[in-house]
Amino acid sequence: MLALDETEINDGAKRWIVSIAKHLNPSSIYVCDGTKEEFDDLASAMVKDGEMIKLNEKNFKNSYLYRSNATDVARTEERTFISARDKSFVGPLNNFLPLDRVKQVWNQFFKGAYTGKTMFVIPYALSSPESKFADFGIEVTDSKYVVLNLHYITRMGKGVIEKIGDRFIKGVHATGNLDPGNKFIIHMPWEKPEGVDADILSVNTNYGGNALLSKKCHALRIASVRAREEGWLAEHMLLLEVKDPQGKSHFITGAFPSASGKTNLAMISPPKDYRDAGWSTRLISDDISWIKIVDGKFMATNPENGFFAVVPGTNYNTNKNAMATLSKNTIFTNVGLTMSGDPWWEGLDPVYDELYDWKGNKRKIGGEPIAHPNSRYTSPLTNYPYLSDLYEDPEGVPVSAILFGGRRATLIPLVFEAFNWNHGVFLGATMGVERTAASEGKVGDLRRDPMAMRPFCGYNINEYFRHWIEIGERSKNKPKIFYVNWFRRRADGTFIWPGFAENFRVLEWIIYRTSHNDNAVETPIGYIPESLNLAGLNISEEDVKELFRIDKEGWKEEMNEIQKYFSELGNVPEEILKEFELEKKRLGY
């Protein structure tokens, strides 16, 4: 760590830090340098103070367990706000906070919030600092946990300090007293109230998505506004490189709401017969992709530098690459702890002795989960065993397919292809998913999550749809758009499709369709495969038919629900309404 007067940080940034410190009133200010020594010192201090637990070094090298407050365990959408002078900027899906209320929050909860504490200053870059995608930010925080997480998920510290100019995103986080009723995560992508010089404010929370301001707050909510203004896309999407047996790389992005298979797909390894035939995969991003249009092509990159991913359900059968990733240099949040000092979560082999649950209670497995359903692991990208050589390419990689997908037990086929760009935008805009533990609310409820951006779009969702339409209008080489659903169930509740590595069979068809017009059957909702490679897969012909069955009556009901949803949104672009009417007509409705 560096004292502020020891750094070579931009004078404008230094002045901002000093002015913020006057309001927060810390006892000291340290600028984070991003070194291993800094990480180790902070981690050791947290362990000494009982704020973190060092895990079994033999099995989980340089890894730790952090337990959050029991009321601070997930993104809190009802306490997440967009502020503007005009409510219409924010739109129907975001929570609006007037500018004068922001000023009240600033004075009530941030004034003196760091009294007696150290103010950590974290300079970070989203995307490689040398990249055309690069965007810079500074987060100030009183939380060592936040500093350690940003060590892993961003490029931060010394290598970034000298590159920060006059334009950077200003984030201020204060742990506060963790009062859920006074939790605020506020974004100001346009104007700010007088005396509040910040783009993002977060208070009375220390949970990842609420406190790691580089992630959803900057890389999606703030960046999505900037992307609209500058003509690019900031998306809640994985980015995967698939290399075919001829050695050609294909790049696929995919938007999936939390717990809908996004991380598992990003980390997919082909089944053995595919590997033997010469197929391979490499990860670029598991969560966020920035896409710029260059010479009519969609060029994508991962703005982040690490993983902050849900861990329950992860094991060597479901995701061996994730297990390799989290075996070292990892911060676990809200998992269980065995008596031997190993982390434990549902999905791992049972432990029959007593262990500690995520709240620190010693007990045996049974009843309430040992690990919180939204427990997480934070690891650097370089932990991943099959990281693409192009993950830091300053030009980005060319996208050939965009996937939309959600967790649906019925109706939605395993895979289908949109008829055209606008139809694909309609499909993404109307994605319906079953609610997960990653956001607060009743698990299992169905809600619309357009492009998996419902919690993350920083402006009016109808303008966001319009932006997608306009991007398509000015792009010569648009990727094809596909919709996938790994979660269709039989009447007895069991999954029809085996999922996980077998999802690669669907990717093979998608890649084929990006450059061919055959092996597809037209249906009222899009093109489905005429045939998939199912060799060696234990699945009945009846199950395959069910995976692709188009239930017209069910779809008519779906269209009624979409109609209600559009009415709630209000000013939906005409192009999407046109696709809606065409879909109804194809369904004979």
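Using N, Cα and C of the backbone, Cβ positions are placed for all residues, glycine too.
Feature annotation from Swiss-Prot assigns active site to Ser260. Annotation source Swiss-Prot lists substrate binding site at Arg75, Tyr207, Gly208, Gly209, Ser258, Asn374, Ser375, Arg376. Residues or ranges marked as Mn(2+) binding site in Swiss-Prot (evidence: sequence analysis): Lys216, His236, Asp287. The GTP binding site feature in Swiss-Prot is assigned to Ala259, Ser260, Gly261, Lys262, Thr263, Asn264, Arg376, Arg407, Phe500, Ala501, Glu502, Asn503; the stated evidence is sequence analysis.
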In three-state DSSP terms, Gly209 (substrate binding site) is classed as helix
Of the recorded positions Tyr207, Ser260, Ser375, the one whose Cα sits nearest to the Cα of Phe500 (GTP binding site) is Ser260
Quick note, Arg376 (substrate binding site) and Lys216 (Mn(2+) binding site): C-alpha atoms separated, nearest Å, by 15
Lys216 (Mn(2+) binding site) sits from Ser258 (substrate binding site) (Cα to Cα, rounded, in Å) at a distance of 12
Surrounding the recorded Mn(2+) site, with Cβ no more than 8 Å from the Cβ centroid of Lys216, His236, Asp287 and those residues left out, we find Lys215, Ala219, Leu220, Ile288, Ala452, Phe456
Nearest by Cα to Gly261 (GTP binding site), of the binding-site residues Arg75, Tyr207, Gly209, Ser375, is Ser375
Least Cβ-packed of the binding-site residues Asp287, Glu502 (other Cβ atoms within 10 Å) is Glu502
By Cα geometry, the one of the recorded positions (Lys216, His236, Ser260, Asp287, Glu502) nearest Arg75 (substrate binding site) is Lys216
Smallest number of other CB atoms within 10 Å: among the binding-site residues Gly208, Gly209, Gly261, that is Gly261
Per DSSP (helix/strand/coil reduction), Ser260 (active site) sits in coil
For Lys216 (Mn(2+) binding site), the three-state DSSP class is helix
Cβ neighbour count (10 Å, all chains) around His236 (Mn(2+) binding site) is 25
His236 (Mn(2+) binding site) and Thr263 (GTP binding site), compared by Cα position, are separated in whole Å by 12
